[in-house]
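Quick look at what TrEMBL annotates:
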DOMAIN    2-126  domain 'VOC'
BINDING   E56, H74, E122  Zn(2+) binding site
ACT_SITE  E122  active site, proton donor/acceptor
Amino acid sequence: MRLLHTMLRVADLEKSIEFYTKVLGMKELRRADNEEYRYTLAFVGYGDEKDNTVLELTYNWDQDSYDLGNAYGHIAIEFDDIYKTCADIKAAGGNVSREPGPVKGGTTEIAFVKDPDGYAIELIQKKEDMSRF
Ligand SMILES: C[C@@H](O)C(=O)SC[C@H](NC(=O)CC[C@H](N)C(=O)O)C(=O)NCC(=O)O
Ligand code: NI
């Protein structure tokens, strides 16, 4: 077994694809329309789905906003340099909601950004050892 994808419902598919590809460096892997049920799926990630867990962006044609509620946490992505990534995101007009730095009470360096729908994305500084705290 392996993790295949995480699905996020998005209000503006092109805006979300632009964010995940241009700002976070992912590739658009495939897109599929469902005419009968009026939605489009776009899969984005850092590599082919046969070897990578990806995001499934779901666009419902007749819905232009969502209530994210208070249960969703974040999706975490590892970067070689979260400080440069955050500077680049700010320069591109993105929303860095938590500045890069050590996690409270720990040593792992993290930052948070918000995607166009307000979903939080955690950026984690690449470390040699896998101790993540
Ligand atoms: C391709 C696979 O990874 C899917 O997740 S498609 C599953 C399908 N998705 C939708 O219908 C998305 C639109 C829907 N309005 C929504 O917002 O979730 C799905 O959930 N089908 C239900 C079923 O019972 O087949
Ligand atoms: Ni799915």
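A Cβ is built for glycine as well, from the same backbone N, Cα and C atoms used for every other residue.
Residues belonging to the domain 'VOC' (2-126) score a mean pLDDT of 97 in the model.
Close contacts with ligand 2, defined as a Cβ under 6 Å from any of its atoms, occur at E56 among the binding-site residues E56, H74, E122. Break the domain 'VOC' (2-126) down by DSSP state and the numbers are 21 helix, 52 strand, 52 coil.
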